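Q: Quick one: the structure is below, and I'll ask about it shortly.
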There are 2 protein chains.
Amino acid sequence: MNRSVFFISDGTGITAETLGHSLLAQFGCVTFEQYTLPYVDSFERAQQAVKKINEVATEDGCKPIIIDTIVNKEIRQVIANANGCMFDVFETFVGKLEAELGVKPANQVGKHTVDTLAYKTRIDAVHFALDNDDGARTRQYDSADIILIGVSRSGKTPTCIYLAMQFGIRAANYPLTEDDLDGECLPKALKEHKNKLFGLMIDAERLTAIRNERKANSRYASPQQCQQELRAIESIYRNENIKYLNVSEMSVEEIATRIIHLAGLKRRIN
Amino acid sequence: MNRSVFFISDGTGITAETLGHSLLAQFGCVTFEQYTLPYVDSFERAQQAVKKINEVATEDGCKPIIIDTIVNKEIRQVIANANGCMFDVFETFVGKLEAELGVKPANQVGKHTVDTLAYKTRIDAVHFALDNDDGARTRQYDSADIILIGVSRSGKTPTCIYLAMQFGIRAANYPLTEDDLDGECLPKALKEHKNKLFGLMIDAERLTAIRNERKANSRYASPQQCQQELRAIESIYRNENIKYLNVSEMSVEEIATRIIHLAGLKRRIN
């Protein structure tokens, strides 16, 4: 079963998409054809959106789902005339919020001013993650919030970047190499910061698949090598009493939020 | 005016937060104290959440706002008994979606299986962004979706990473240096890929402030230097007919989605 879905916003469209993806995930048996229409902030853009929705409705022979976060009522009204089934997020929630808070909503098209401090915190954290990726340097570990460790290709880099981008957290990462793993002990640079370490664990089968994408049929990607590295690193985590998480079945978002939760990290931005 | 808000989810909490932030932004005169409670996926965790909400309600002397995306009805019911004003996202939308689609929702706690292809696309794009950051190399430009150019500290790196993480887009970036700017011409490596170039522009005042954070009172951060570089780069954009965007007032999300829109880029993941 197929169904078209439009995410429509006067801003980036990210809220409409994020909410939409969560809702649609509850209907796994339906395949959704997705369209995102951002910056629908004028009557002209709204009319273009309606035209597109109506075209798709005709093609599909059934009404597209519309999930919108448009603030302006008049523009929203234009979209409401399209041949679709509309889920209007602001209409649904803002009235009840207004009643509860006893305050009028701004009803302004979604041009948020940039929070300068949060922006700086976030960009600094991204640069920190890049500068401290892959064990490139260790001298900034004093100012790290967390240091992720794990074998090569267990997901450290994307997790650090997500922690920085989404939460402003300063995350470094350090890959344990064969030397570290053979000796089953932590390198000196890490020992000094043991309270900041957090380990990533991954199933050998998944690691083999990921490494094969990178270097097919190499020793590096062989099941034996992967198993051996993972056995060794798990010993280190246990012996050194380092918290760790098996990330095999997780998205980057989930890895990041689980780590915050397990490590008791404080976000730097909300 | 202050008010406490709880974002509660059986998963990461990102959907509840994203939606919540959009809604609360409409009430700019209220300061919201935010709490995110992820992984509320058991009665025990739900009861802990209720306890926390009730404590905050007593402290504040008024009901916290609760925005939740819990799938399981019984667990949701536990939260509904807290002393708060609940905005239940799934309750609100899933019934109507069910009626429209004619399909029963899964009603399973938010454990989405990882889409392996999308995961790989995304992680590859992140590694591409890192490998091709800051003009580090140019030999992979053939496989880039876009190459961002701009002066130092105009926001290229975070934008590339966001494009990769959120949309799986392979984005490189190249800083135009004083030599390029003095000659007002593009380096050879860029000329060969002119159709992939996109320029970032920023106000001199904002650039000065950002550079001063990095190297206070340097020539690099001086208003004169910033103005001169920006004048030169704008000439290049115009003479070479390169699309560009002034990002001074934009969040990383907005820069990224505007670029997709203006450059007509295709997302690699939805």
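Each residue's number is its place along the chain shown, starting with 1.
The backbone N, Cα and C atoms fix where each Cβ goes, and this holds for glycine too.
Positions annotated as ADP binding site by TrEMBL: A:G150, A:V151, A:S152, A:R153, A:S154, A:G155, A:K156, A:T157.
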Q: What subset of the binding-site residues A:V151, A:S154, A:K156, A:T157 has a Cβ sitting under 8 Å from a Cβ of chain B?
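A: Contact set vs B: A:T157.
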Q: List the other residues in this chain whose Cβ sits within 8 Å of the Cβ centroid of the ADP site residues A:G150, A:V151, A:S152, A:R153, A:S154, A:G155, A:K156, A:T157, in sequence order.
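A: Checked against the 8 Å cutoff, the neighbours are A:N173, A:P175, A:L200, A:I202.
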Q: In the structure shown, which of the binding-site residues A:R153, A:K156 has the fewest Cβ neighbours within 10 Å?
A: A:R153
Q: So which of the binding-site residues is most packed in, judged by how many other Cβ atoms lie within 10 Å of its Cβ, out of A:S152, A:S154, A:T157?
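A: Of A:S152, A:S154, A:T157, the one with the most crowded Cβ is A:S154.
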Q: In DSSP terms, helix, strand or coil for A:R153 (ADP binding site)?
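A: Looking at the DSSP assignment, A:R153 (ADP binding site) belongs to neither helix nor strand, so coil.
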Q: Near the Cβ of A:G155 (ADP binding site), how many other Cβ atoms are there if near means within 10 Å?
A: 25
Q: Give me the non-local Cβ neighbours of A:G150 (ADP binding site): same chain, 6+ apart in sequence, Cβ-Cβ under 8 Å, ordered along the sequence.
A: A:K156, A:N173, A:P175, A:L176, A:G199, A:L200, A:M201, A:I202, A:I233
Q: Mind giving me a neighbour count for A:V151 (ADP binding site)? Other Cβ atoms within 10 Å of its Cβ, every protein chain shown.
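A: 25, counting other Cβ atoms within 10 Å of A:V151 (ADP binding site).
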